[in-house]
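Chemist: I grabbed these lines from Swiss-Prot:
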| type | residues | note |
| --- | --- | --- |
| BINDING | LEU117, GLY121, HIS122, LEU123 | (6S)-5,6,7,8-tetrahydrofolate binding site |
| MOD_RES | LYS226 | N6-(pyridoxal phosphate)lysine |
| SITE | HIS225 | site 'Plays an important role in substrate specificity' |
Amino acid sequence: MSFLKTSDPAVYNAIMQETTRLKETIDLIASENYTSKAVLEAQGSVFTNKYAEGYPGKRYYAGCEYADAVEELAIDRAKTLFHAEHANVQPHSGAQANMAAYFAMVKPGDTIMGLTLSHGGHLTHGSKVNFTGKLYHVIEYGLNAETERIDYDNLEKLAMEHRPRMIVTGASAYPRILDFERFRAICDKVDAKLMVDIAHIAGLVAAGLHPSPVPYADVVTSTSHKTLRGPRGGFILCKEQYAKAIDQAVFPVMQGGPLMQVVAAKAVAFQEAMQPGFVTYQKKTLENTQVMAEELRKLGLRLVSGGTDNHLVLVDLSPIGVNGYDAQLALRRAGIVINRNTVPFAENQTANVPAGIRLGCPAATSRGFGPAEIRQTVGWIGKVLKNIGNEDVEKQVLAEVIHLCRKFPVPGIDI
């Protein structure tokens, strides 16, 4: 970055500080990961300069022959990776992929169903503060209070009562496998479309370690980062019968020109996900997450639903008298990066000061952490949580975290 260092020292310094932060902290945010050097190079390529409104072979600008080539690569690889009939790789984010899917599948004012945000859903699945809650009539479904898993029987009851035009599934904080076959059956009973948001579990689905929604869903949306380890962006998969509607909803309805440098990086990430090593990585992520869950239980912490089937765990801190906000700050000071999170059915919590925290292993596993390092990390988490606000404990843990981190290079930066 010699040019940037000279031309804009302020931005250069911020990037260097972020690089140091990445190297010297343990990232347990379930929605974060490290991209490869190849993905970073593609995202910083000359495709940044190219406007390419439209689709391959149907652009509104000249000079798009190589943009066409790279987008076709991304499309073909996405279709192959997920066994889909059609793919659109232009959405700038997962939220915009979701927006396009809504615009293609339902009309403003239609009834939709989505998982309650406080039960693990996402803002774009019907939250009142989101466009979905403002444009559509939203019926929320939730978890069973005893099992803390999706209450499919009540979901079906609500669907029969309200007859939604579309049911949305997928989550941002749900640690269990989703039963796509059951969702499809419920949709068929009420003649509803099924939209599945796999942003969190896309890598697991691609690796064959989580059931794929593609055979059951009318439309599937996702991010290209998180467990997929690509650039920050979105994409959509759908049946061929919806291809035209989806493409039109992305462009010209929702977006203008695609970010071709990001599309190129998506193509690279999809190719990386087709390699045998990617499956090995996802298996290690699941193994590490199981180890994490077991170690958290040993500390006496309560896990929502009792455990996990995927890459994340949701921890209810209410029994130990700590809230998620204070836990997030204390752990950050100790070099462990997590996020606060609401807990289903918890009382006296808000989005800013929730009752729990969400932990995930995708980034730590990409860095090379195995069960031993996860056990060590959970031990530090326990020490910090049991000594909330103790600066001496936080400083001691931070020093140990930095010492461990120096043994594990950060993908895309060190290797």
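In case you wondered, yes, glycine gets a Cβ from its N, Cα and C as well.
What does the local environment look like for each feature on the list?
Modeler: DSSP classifies LEU123 ((6S)-5,6,7,8-tetrahydrofolate binding site) as helix under the three-state reduction.
LYS226 (N6-(pyridoxal phosphate)lysine) falls within a helical segment according to DSSP.
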Chemist: For the (6S)-5,6,7,8-tetrahydrofolate site (LEU117, GLY121, HIS122, LEU123), what does the 8 A shell look like? I mean other same-chain residues with CB within 8 A of the CB centroid.
Modeler: GLY114, LEU115, THR116, THR124, HIS125, GLY126, SER127, ASN130, ALA171, SER172
Chemist: Between LEU117, GLY121, HIS122, LEU123, HIS225, which of the recorded positions has its C-beta surrounded by the fewest other C-beta atoms within 10 Å?
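Modeler: So among LEU117, GLY121, HIS122, LEU123, HIS225, the recorded positions given, the one with the fewest Cβ atoms within 10 Å is LEU123.
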Chemist: Run through LEU117, GLY121, HIS122, LEU123 for me and report the binding-site residues whose CA is within 10 Å of the CA of HIS225 (site 'Plays an important role in substrate specificity'), in sequence order.
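Modeler: Candidates kept after distance check: none.
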